Amino acid sequence: MPARSAVVVIAMEPSSSITIASSSSYLSNGSSPCSVSLAPPGAGAVAAQAAPVAAGEGGGGGGGGGGGGSSSVEVVSLNRLSANLERLLLDSDLDCSDADVDVADGGPPVPVHRCILAARSTFFYNLFAARGRGGDGAAGGGGGGGGGGGERTGGRPRYKMEELVPGGRVGRDAFLSLLGYLYTGKLRPAPDDVVSCADPMCPHDSCPPAIRFNVEQMYAAWAFKITELISLFQRRLLNFVDKTLVEDVLPILQVAFHSELTPVLEKCIRRIARSNLDNVSLDKELPPEVAVQIKEIRQKSQPNEGDTVISDPVHEKRVRRIHRALDSDDVELVKLLLNESEITLDDANALHYAAAYCDSKVVSELLDLRLANLNLKNSRGYTALHLAAMRREPAIIMCLLNKGAAVSQLTADGQSAMSICRRLTRMKDYNTKMEQGQESNKDRLCIDILDREMIRKPMAVEDSVTSPLLADDLHMKLLYLENRVAFARLFFPAEAKVAMQIAQADTTPEFGIVPAASTSGKLKEVDLNETPVTQNKRLRSRVDALMKTVELGRRYFPNCSQVLDKFLEDDLPDSPDALDLQNGTSDEQNVKRMRFCELKEDVRKAFSKDRADNSMFSILSSSSSSSPPPKVAKK
């Protein structure tokens with residue numbers, strides 16, 4: 001009886017059809033439920049038995065048997081069989097798998113049942129049959145060396161996804177989705193956090209995670225020869241092309257070229273040809289023949305603009321030589337090329353190129369030359385930091401930020417590096433809680449780095465800026481830093497004095513009052529002849545000195561800094577009168593006195609702990625400052 005049931009399942013498959021049960025917006029991002037059936041593998045005894053049974057059933061477009069009662073019974077039976085097979089994937093306690101597959105994004109291997117995969121896919125049938133006959137496990141027509149992944153204890157085979165799907169990347173979620181279809185005959189809707197990005201302003205119908213998920217599914221469906229899914233995913237990809245940014249069209253074009261999807265490929269080529277995507281990106285991201293085709297279309301459709309773009313072949317040649325030197329990780333050669341020609345790093349957009357295509361070491365060495373404008377925008381309105389955010393490489397983002405890249409710079413369409421990174425990050429990766437000692441997700445790490453920088457530098461203020469709004473922001477930042485340093489001098493005078501000496505904060509005038517050396521207590525006189533640019537430089541120099549003071553305090557006196565953080569965030573009152581212990585009702589005065597005693601004890605403990613932990617810090621301060629080290633009064 002079980003054998004007959006298996007034959008009936010295969011016989012019913014050709015008469016099944018695709019059913020969509022949701023709106024088109026859900027369909028576009030791959031999250032709509034649909035049911036698709038697979039044609040028989042066409043190899044082995046199972047396929048030989050399927051043909052006569054299918055003929056006996058009639059094989060028509062709608063039915064699977066004789067009467068209506070028989071049809072309904074078969075539908076119920078098939079749904080029950082589908083649910084039972086799905087348990088093999090979902091129920092961790094029911095582990096009767098006999099092979100494993102390592103996926104591209106790491107983590108534990110995915111267990112599979114070779115008998116089910118072989119019955120449902122000619123790819124897996126050929127792969128496992130070749131291994132059973134003593135072969136290397138390579139499936140004919142592009143299966144890869146699946147058997148080369150090694151053996152577990154007990155002879156359990158292990159396959160690598162990059163060998164099963166050569167030329168394409170398939171992540172865990174996309175592979176599990178395809179497995180679910182092979183096991184159950186139904187393509188379940190994609191989880192929302194897999195096809196949605198971490199940008200709260202995104203509608204999530206065509207954001208990069210949804211595109212990547214469908215691209216990965218297409219790679220897998222093409223490699224596993226699941227023809228009906230190829231047709232479904234092709235329609236989804238066609239829907240994405242005109243709705244998303246041109247950068248997100250590139251992976252669609254790549255999978256269309258790899259999987260020979262002519263309609264998708266032609267539509268992607270037309271979209272990119274109409275865009276302002278530069279030739280460097282075309283040459284680096286696309287197959288050579290496709291890049292040439294796009295350039296030819298541009299020259300034919302816009303001949304006049306084509307002549308102006310390639311106006312200086314010598315200049316273009318010099319730019320390509322610098323880019324090739326960067327590809328070779330040879331920054332010394334870049335310096336030689338700059339010396340022997342009149343071209344600059346900015347002319348060649350060398351920093352943009354390195355941020356997009358080179359490793360962090362090359363970017364760091366290029367920044368050390370101090371010959372490139374960190375915030376220069378290329379022809380498409382992107383800075384090097386924007387390109388590093390698109391690449392989602394934490395080391396490169398940190399290199400640029402440490403050298404002074406402006407985190408608040410916007411692209412032509414109003415995107416910041418933070419919003420770019422959020423748009424490229426899956427909600428699943430953003431919300432994943434990392435255990436201690438576990439490697440952090442790179443996408444989430446990039447967002448955290450940019451987020452901290454946005455908090456530290458909420459707005460880049462140029463020397464020439466005279467906008468009242470920007471000036472107010474600078475004043476607010478100065479007031480916060482002045483208050484923080486003032487409370488540090490009140491609570492921790494010795495530590496504050498050392499930190500201010502090393503940061504040279506005592507050489508810049510305080511904001512709004514006379515320097516501490518003066519005892520008049522009067523407000524600082526306003527220089528009416530001071531230009532806005534001069535005033536801005538003076539205020540920024542004070543901000544830099546105070547910022548360095550705070551950073552030194554966090555580095556060498558962390559416990560004192562924690563007390564200051566808590567006081568400024570939780571205990572600092574809105575009104576100065578609230579600090580007076582004599583004001584307020586008797587209950588309020590008691591609360592103030594209790595909190596004052598608690599704060600006093602926190603200050604004493606932090607002072608003692610930092611003093612014990614940093615007993616050698618006075619040596620550092622004496623070597624970092626021209627003035628003699630301060631003498632700390634003994635208690």
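Just so you know, glycine gets a Cβ as well, placed from its N, Cα and C.
Just so it is clear, the model here is predicted, and its values are computed rather than measured.
Look at CYS207 (Zn(2+) binding site): DSSP puts it in coil. Swiss-Prot lists CYS197, CYS202, HIS204, CYS207 with the feature Zn(2+) binding site.
A helical conformation is recorded for ARG484 (salicylate binding site) in the three-state DSSP classification. Per Swiss-Prot, salicylate binding site is recorded for ARG484.
The annotation compositional bias 'Gly residues' is assigned in Swiss-Prot to 138-152.
The domain 'BTB' annotation in Swiss-Prot covers 97-191.
Here Swiss-Prot flags 138-157 as region 'Disordered'.
Annotated repeat 'ANK 1' per Swiss-Prot: 317-347, in sequence order. Residues of the same chain lying 6 or more positions beyond the ends of the repeat 'ANK 1' (317-347) and with a Cβ under 8 Å from any Cβ of it are 280, 353-354, 357-359, 361-362, 365-366, 369, 371-373, 376.
As annotated by Swiss-Prot, repeat 'ANK 2' applies to 349-376, with the evidence given as sequence analysis. Same-chain neighbours of the repeat 'ANK 2' (349-376): 280, 284, 319, 322-323, 326-327, 329, 331, 334-335, 338, 382-385, 387-388, 390-391, 393, 395-396, 399-400, 403-406, 409, 460, counting only residues six or more beyond its ends whose CB sits under 8 Å from a CB of the stretch.
Residues of the same chain lying 6 or more positions beyond the ends of the repeat 'ANK 3' (380-409) and with a Cβ under 8 Å from any Cβ of it are 247, 276-278, 351-352, 354-356, 359-360, 363-364, 367, 372, 374, 415-418, 420-421, 424-425, 442-443, 445-446, 449-450, 453-454, 457-460. Summarising the annotation, Swiss-Prot assigns repeat 'ANK 3' to 380-409 and lists sequence analysis as the type of evidence.
According to Swiss-Prot, the zinc finger annotation covers 194-208.
When the binding-site residues CYS197, CYS202, CYS207 are compared by the number of other CB atoms within 10 angstroms of each CB, CYS202 has the fewest.
Most buried of the binding-site residues HIS204, ARG484, judged by other Cβ atoms within 10 Å, is ARG484. In this structure, CYS197 (Zn(2+) binding site) is part of a beta strand by DSSP. When averaged over the repeat 'ANK 2' (349-376), pLDDT in the model lands at 94.
On the backbone, the CA of CYS197 (Zn(2+) binding site) and the CA of ARG484 (salicylate binding site) stand 37 Å apart. Of the recorded residues, ARG484 (salicylate binding site) and HIS204 (Zn(2+) binding site) place their C-alpha atoms 42 Å from one another. The helix, strand and coil residue counts that DSSP assigns across the repeat 'ANK 3' (380-409) are 17 helix, 0 strand, 13 coil. Within 8 Å of the Cβ centroid of the Zn(2+) site, not counting the listed residues CYS197, CYS202, HIS204, CYS207, the chain contributes SER196, ASP199, PRO203, ASP205, SER206, PRO208, PRO209, ALA210, ARG423.
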